[in-house]
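Reviewing the structure listed below.
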Amino acid sequence: MTGEIASTTGAALPQHEPKNYLNAAWTVRSWLLTVDHKRIGLLYLAGISFFFLLGGAAAVVFRLELMTPQGDLVEAETYNKLFTLHGIIMIFFFLVPGIPGVLGNFLVPIMIGARDMAFPKLNLMSWYLFMIGGCFTLYVTISGGVDTGWTFYTPYSSTYSNTYVMATAVGIFITGFSSILTGLNFIVTVHKMRCPGMTWFRLPLFIWANYATALIMVLGTPVLAITILLVALERGLGIGIFDPRLGGDPVLFQHLFWFYSHPAVYIMVLPAMGVISELVAAFSRNRVFGYKLVAFASLAIAVLGFLVWGHHMFVSGQSLYAGMVFSVLSMLIAIPSAIKVFNWALTLWRGEITFHTPLLYALGFLGLFTIGGLTGLFLATLGVDVHVHDTYFVVAHFHYVMVGGTVMAYLGGIHYWWPKMTGRMYPEGWARFSAVLVFVGFNLTFFPQFILGYLGMPRRYHVYDEGFQVLNVMSSAGASILGIAYLFPITYLIWSLKYGEKASANPWNAVGLEWMTPSPPPTENFTETPIVDFEAYEYHRNPADAHG
Amino acid sequence: MNTEFQIFPDAASTAAGQVDALYLFLVVLSVVLSAFVAGLITYLAIHYRRANKVNREYVDHGNTIEFMAMAISFPILMGIFLWGAKVCFFLFRAPEHAMPITVVAKQWMWKFQHADGRREIDTLHIPTGQPVKLTMVSQDVIHSFFVPAFRTKQDVLPGRYTSTWFEATEPGEYRLYCAEYCGTNHSRMIGRVIVQSPDDFARWMSGDAASDEPPAETGRKLFEQYQCGTCHRPANEEGARGPTLEGLFQSRVPLAGGQTVAADETYIRESILRPAQKQVAGYQQIMPTYEGQISEEGVMHLIAYIKTLGAPAATSSAAAAAGGQPATPVAEPAAPASQDNAANETEGNTP
Ligand code: HEM
Ligand SMILES: [Cu+2]
C-alpha cells in the first residue's frame, strides 16, 4: 500500500510534498528496521488486519456449518479446530494487540508531545515478537491444528488432545513477551516523555486508558507465560501439575488461566474506551463529561479486573463461598463501567454534534457495550450464571463487549485518525453506510445467541437440537452481513490511499496535539517541542478563540 | 420437546421457577436501563446536532451525577447479588433425604447407577417430587452435567467428586448436555433425563431389566477381592496394620503432618488410589496404590460400602447413640437396600 502512495504523490509533486514519516525513506529496509513509532504502528496495522481477516474467515465457515443442526459441512474435528483457530487468533493476535499496537503506537508519543517512545528499538522488537509468535501459531493451527479451544482447559490440553497444543502454546508464549514489552514501553513513555505543560490531568483519556492497559499487560501476562510453561512441563515431561492421574489438580489451571485472561478482557476493552472518549469529545466539541472520574474509572477497572477471575468458575467445583466473593467483586466492576457509559452519553449534552463516521461507530459502541455490560451482570449473578454458564449466552455476552466494544472502537479510531496516518480522506458516504451495516449485522448475529443460551444450547457444539435451528439461521445470516460489512472499510480505505482527497492537518477541527502537526506528521512528530497550556478537550464554542 | 421453535426453555424442576424469576427481573432491569441509555443518547444527539439552534453554554457541574449514579446502583447491585446467592444456595445444597445416584462421565457418554444397583447409559430415569442427588466423577477430562429444564449445571472433574441435585416437577423427557468442552464429540455427549410419576418410576424400577446388585454390595465384594480387610480390620479385632474404616465417612482424620482432613468421598477415593498422598497419623506407609487397578465405578462401589460401615464416631457417646439408632442421617446416602447391612455393621461395632 505504501508503494501506491509513492507512485501517485511521488511522481507528480516530489518537490512540493513536504517531508513526512511516510516519504522520508522508501526502501523495504527502511520499513523493516524502522524505529519510528508511527511506522511501527502501520506495521502492526498490516499484521493485525491480516489476522483479523483470517479469524473472520474461520468464523464465517463455522457459522455456515451451524445453519443446519446436523453438522454436515465440516467434520467435528475440523469444526473444533476452526473455533479454536478463531478464538486464538481473535483474542491473542487481534483484540489484545489491536488498539495498543496500531493506534497506541501511532498516537501515544504524538498525543503527549514526544518525539518517539521511550525505547524505540524495544518497540520494533515487540512487533517482531508479535509477528513471529503469530506466524508460528498460524502455521501450527493451519498445518496440524489445535482443538482445545482458546481456553486450553486441562487435563484435555495437557494429556488428552492429540493436536499440536505445545507448538501453539509456544507461539502464544512468544507473543506474550511482545505484550509485556509494549506495556513497559507505554508506562515509561507516559511517565517520562510528556512535553512541558502536559500534566497528568491534561492527558487525553486515550493516554489514560493505554496507561491502565499497560499496567495490566505487565502484571498479568507473566502469569499466562508461567501457566503455559506448566502445561509444557506436564505435557512434555509428565510432571503432575494439572492431571489428577499424575497427582495434579485439573482446576488449578483454570485459576491460573483466568487470573490472566479476565484482566486480559480489560486489556482488550480499556484502550477501546480510550478511543471512544476521543471520538465523542471531538464530534460533540465538548470536554469529556467528568474527565477525572473517567480517568480514575480506567484505573479502577484495571485493579478490580485482577480480583474477579473466579466468576468464570462458579460451577467448576469451587466452594460456594469463594463464588460469593467473586460475585460481589464482579458486581463492583460494573460501577466504573457504567459511569463511563453515562459520561460519554452526557458529553453530548450541550455539544455541537456532527455525525461523521467515527461518531457513528462511537454511538454503535455505546449501544453494544451497554448490552454487553448489562448481560455481564447476569453472569456475575450466581443463580443465573449456573444456568447460562458455557452456553451461547456467554458467547453473545463476550462478543457484545469484545466485538461490539473493541472492534467498533477500533474501526471508529481507524477512521478518525486515518487522515493523520495517511494524509488522505476516505469516502464519507461509503464509510457511514458501512458503519450502519456493521451495527445491523452485528445485532442480527449475536442477539439471537442470548436467547439460544437461555434455552440451553451449550457453546462449542458442532451438532445441536432441531429446536435451536431458527435462531441459529438468524445468527448465521447476520454473520454473513457482518462479514461483508467488514470488507467495505478494508476496500475503501485502501482505495483512499490512492484516490482519497488530501487531508489537512486538522480535518475534524479537533483539539489535541496530534492535530497540531501536519498530516502525515514529520518523522520527529513536531518541528519544535510543543508546550501545552490548555486542558484536554478544550473546545471553544466561538471559533474565533479556538486553538490553532 | 426440543424439536419445535421456542424462545423460553421448559421448566421442570423446583429450581426452575426461582432461576427464571431472577432472570426475568434482570431482563426487565436491562431493558429499562438500555432503553434509558438509548433514549438519552438519541435525544442528546438530535437535540444538540450542529444545525440546531440551542443553548450550548458550558456549565461545570462537578461530579454530582456520577456520585448519585453510584449511590443508586450500589444497593441495587448488592440486592441482585444477595438474591443470586440465595438461589445459588438452593441450587448447591442438596436436601439430606435426597435419593443418591452416581454418575461417571467419560468421553463421550454418561454412566448412571441407581442406589439399587440398576445401571443406565446416557439415559437417567427419575421420579417427580423426589430430590435426587448425583455424585459425579469423570474418568478422563472435565465434563459438565447440564439439564436446561432443571436450570442447573455442575462440572464433572477427574480425580474429585462433585455433586448436584434437583427435584423434578413435570413428567417428560429432558435433554442432558455436556457443557464443558471435552474433545471431538463434545456436542454428541448428550443424554436424556426421563422424569416419571412416582408410580411409573416404581414400575420402571421393578421392571424386567432386572436390577444389578446394590453398589454397597458390589463394594463389599470388591473389598474382599482386593483383600483390603487384611489390614483394615474392625476396631475391636487384633492385628490391624491399617486404620479401621468403621465410622470413617464424614469423620475428621488426623494426618501424619499434623493436619486433619474431613473424610469425604474425595478423600476416600484418593486414599484408595494414592494412599501416600495423605498418610494417616500413627500408621506406616505400607498400603499399595490401586491406581489403574480399580475403575472409577469400582471406587464408587467401595465408597458406598465404606459408607455403610457406620457414622462418624467422634466420641464414644456419639458412637453409642449411633448404635442405638442405626440409620443415622449421615449414613443416609448409603443404598436403601443395604440399610440392614449398615445396621449390622454398626451394631457389631458398638458393644
Ligand atoms: C468490560 C468488558 C468485558 C469484556 C471484554 C468481557 C469479556 C468476557 C469474555 C471473553 C468472557 C468469556 C469467557 C469464556 O470464554 O468462557 C466473559 C465471561 C464473563 N463475563 Fe465478561 N466481559 C466484560 C465485562 C463484564 C462485566 C462488566 C461483567 C460483570 C458485571 C462480566 C462478567 C462476566 C462473567 C461472570 C463471565 C463468566 C461467564 C461464564 O463463563 O459463565 N463481564 N466476559
Ligand atoms: Cu463432555
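Residue numbers in this text run from 1 along the chain shown.
In case you wondered, yes, glycine gets a Cβ from its N, Cα and C as well.
All TrEMBL annotations are machine predictions without curation.
Here the structure is a predicted model, which means the values were calculated and not measured.
Residues annotated as domain 'Cytochrome oxidase subunit I profile' in TrEMBL: A:20-533.
Here TrEMBL flags A:42-62 (among others) as transmembrane segment.
The transmembrane segment feature in TrEMBL is assigned to A:82-112 (among others).
Taken from TrEMBL, the feature transmembrane segment applies to A:124-144 (among others). Note on the transmembrane segment (A:124-144): residues 33-35, 40, 43-44, 47, 51, 54, 81, 84-85, 88-89, 92-93, 97, 101, 163-164, 167-168, 170-178, 181-182, 185 of its chain, located 6 or more positions outside it, place their CB under 8 angstroms from a CB of the stretch.
Summarising the annotation, TrEMBL assigns transmembrane segment to A:164-188 (among others).
The annotation transmembrane segment is assigned in TrEMBL to A:208-232 (among others). With a threshold of 8 Å between CB atoms, the same-chain residues lying at least 6 positions outside the transmembrane segment (A:208-232) that come near it are 100, 104, 108, 152, 154, 157-158, 165-166, 169-170, 172-173, 176-177, 179-180, 182-187, 190, 241-242, 253, 256-257, 259-261, 263-264, 266-267, 270-275, 277, 294-295, 298-299, 301-302, 305-306.
For the transmembrane segment (A:252-276), same-chain residues at least 6 beyond its ends with a Cβ under 8 Å from one of its own Cβ atoms are 91, 95-96, 98-100, 103-104, 151-154, 158, 179, 204-210, 212-213, 216-217, 219-221, 223-224, 226-227, 230-231, 241-242, 298, 301-302, 305-306, 308-313, 316, 340, 344, 362, 365-366, 398, 401-402, 405-406, 408-410, 412-413, 416. Look at TrEMBL and you will find A:252-276 (among others) tagged as transmembrane segment.
Sequence annotations record features per position, and here TrEMBL assigns transmembrane segment to A:288-309 (among others).
Look at TrEMBL and you will find A:321-346 (among others) tagged as transmembrane segment.
Long-range Cβ contacts of the transmembrane segment (A:358-380) within its own chain (Cβ-Cβ under 8 Å, at least 6 residues beyond either end) map to 272, 276, 279-280, 282-284, 308, 311, 327, 330-331, 334, 337-338, 341, 344-345, 388-389, 393-394, 396-402, 404-405, 408-409, 411-413, 415-416, 432, 435-436, 438-439, 442-443, 450. Feature annotation from TrEMBL assigns transmembrane segment to A:358-380 (among others).
Among the features that TrEMBL reports, transmembrane segment is placed at A:392-418 (among others). If one looks beyond the transmembrane segment (A:392-418) by at least 6 residues along the same chain, the residues whose Cβ comes under 8 Å of a Cβ in the stretch are 95, 98-99, 102-103, 106-107, 265, 268-269, 271-273, 275-276, 278-279, 282, 357-362, 364-365, 367-369, 371-373, 375-376, 378-379, 424-426, 431, 435, 438-439, 442, 445-447, 449-450, 452-454, 457-459, 489, 493, 496, 508, 514.
TrEMBL lists A:430-451 (among others) with the feature transmembrane segment.
Residues annotated as transmembrane segment in TrEMBL: A:471-495 (among others).
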Task: Per-region confidence, the domain 'Cytochrome oxidase subunit I profile' (A:20-533) (mean pLDDT, whole number) - done: 94
TODO: Flag the pair the transmembrane segment (A:288-309) / the transmembrane segment (A:321-346) as in contact if three or more Cβ pairs fall under 8 Å (sequence separation 6 or more).
DONE: yes
